């Protein structure tokens, strides 16, 4: 892993909006699904997933069979994780509120769940049951009644049993065998089989991401996810073996994943390099991890912790591990990070799988302005205004003055009319 | 205004992603601003706003002069409105939280303001100081330090004094004379004069909307706004003059604005039609309002209130006025609406200008899944995980089982390494 000084460490980024060819492909898939619904969905599934399906919906029997195909150890771990995830997210739930005033006016904010949401779960080489928990449980905690999962089938037309088991644990209500841009189009516009949803969440490839961009506004979407990232901020007391192991746990995700160590200690930097080499040697996903470390990994040498935190805030990492002597003492200075792991036992996989906070986190520097997936992503608010006669009589003239200054006479007259009648003019 | 039965009342909608020509224009503006920064901004301003500017930033003197150009009545109304808006939004503010466990683990959620946000304020035929208050105050309440306003200058290179006054009242920290897609590009990528922001909010024309879509991900954006809408749900006791006045206060915004009365009362429908004709007669913005009423207005006749509420929930209107005998009794059934106005004194302009809740509301049916602009739009959350040795020893094996079942060996090893060391193996 290359070592660079903070001064030469670039944090520049841009957004991936795909190539024109990719975008045109997505537009044509969306318009086909819009026009012919299920027919287009079946046909794209045959084309892209190489399977001719009899039906899109996963049956109750398929869902039940899956439970037997997962080891009891894994199933129990998923169930324990689900309890933690549910408990953490329940703390995020919000209340509607109303305030009354002696003048008779009542103002408030109603908080209600979305009615129907779609969760995209990638298929392909790997299946991630944990992602099903992380996406579906916050929706369930928010009170969403209909949680629809879509995921591409394999060439036998099957869905990973771990994914189906997690869906059961997390309370997913419908599952369809469809992936890619066609899945997003079906969720947004609806087909005969798949009714449209209010919001689509979950990661996917560039076609899925572009399709989400296109339907944004007709339905809501979550932030478009980029490759995974970890930054470890460590001082000379940190354990280089732990650091290397945690960096690799990011790196094994994706050749484009990024793993960065920020430290003022040259010795720690050198030791971590050695550990990385050793641990890489017999890693099953070595090729992926090696490419990630080579192309997107770095050790950033800083003058001191203060400069280190500055680099961290500029990177705004998805995952930040703080392995320094007194991590809580620096917490206030860390402004941008999706999830912050404090201390040597808070290894990133603890958060990826089990502790309770969500593992769907803002990537590519978006932690500057966006948040881990949470209950707020599955609620909507409505303002409530019950204005009293007394307040209208008192404040009506100000409202009229503002409306007239903006040239909106009909606005002014809607108030004038009421003032006239109530004053008996 | 046409009268239709609920059975024939369509609520179908789609999202406006512009024409290919518009999109290409936006892409080329963005790439020019990305490449040449201020130079491109000056040049597009000359091309589109027909003014050659000396500098982009509004000076302190310009800001102060504006205050003298606004009547004291309007200024005082803006100040009173700002107090109400601030007070309402302060109730939305959230706290960071942390939970401790006897096993030593601490989990939490940090809530912090975005650092720098951009507010787009449209120019052109009308200036809306109230919109400046509604966009900037929630950001200020959230704790955002840098609130940057962009708005196109007129042909004399000036900004509306009402808009500048509202910016002063609302605590806007920087103002630049730039509009259109070039303003969005400058806010997203930054130029020498305009530093990049974390989020862009505020309505604009189709070029502004498309540019926001393109930069989404590099920065956050608010929901892309469509034309304004009002739905009035009324029974036979409602005042048709008030209803007509309120419908017109939406209709005067835009020929594409939509004003709909939903009622079970044929008599109220007929009376409202007569009132509309009379009130339209001498309205300054008659042409706009007439087109809106003709093309997008309707009276939807329903069997009863229950069917009326069903129509309302399908429409998911931006503004909903409930003018029925006991409006609070029906509140629980109303699922989708940006702002709900209860009773005959809660005329929509009360909320547009003064009461306190935000007037930036979800349009085009997006109230199904999105919310009035609020303090949450200007904060970000970070998860906090401080896992204890005790919990790692106890739960580590479950984490390992989950990671292995997903084929992510490096994840498993990061935990195994720690278990081995702590168990002294």
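Yeah, the Cβs are placed from backbone N, Cα and C, and that goes for glycine too.
Taken from TrEMBL as is:
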ACT_SITE  A:318  active site, proton acceptor
ACT_SITE  A:319  active site, proton acceptor
BINDING   A:120, A:182, A:205  NAD(+) binding site
BINDING   A:228, A:250, A:253, A:319, A:352, A:406, A:411  substrate binding site
BINDING   A:250, A:253, A:352, A:411  Zn(2+) binding site
Out of the binding-site residues A:120, A:205, A:411, ones whose Cβ falls under 8 Å of a chain B Cβ are A:411
Lowest 10 Å Cβ neighbour count of the binding-site residues A:205, A:228 is held by A:205
Near NAD(+): residues not in A:120, A:182, A:205 with Cβ within 8 Å of the site Cβ centroid are A:122, A:150, A:152, A:179, A:180, A:181, A:183, A:184, A:204, A:207, A:208, A:211
Quick note, residue A:406 (substrate binding site) and residue A:318 (active site, proton acceptor): C-alpha atoms separated, nearest Å, by 44
Within 10 angstroms of the C-beta of residue A:406 (substrate binding site), the count of other C-beta atoms across all shown chains comes to 21
Reduced DSSP state (H/G/I helix, E/B strand, rest coil) at residue A:250 (substrate binding site) is helix
Residue A:205 (NAD(+) binding site) sits from residue A:250 (substrate binding site) (Cα to Cα, rounded, in Å) at a distance of 18
Within the same chain, the residues at least 6 apart in sequence whose Cβ is under 8 angstroms from that of residue A:253 (substrate binding site) are A:227, A:228, A:288, A:292
Row residue A:182 (NAD(+) binding site), column other C-beta within 10 angstroms, all chains, value 29
If you measure between the CA atoms of residue A:411 (substrate binding site) and residue A:120 (NAD(+) binding site) and round to the nearest Å, you get 44
By the 10 Å Cβ-neighbour count, the most surrounded of the recorded positions A:319, A:411 is A:411
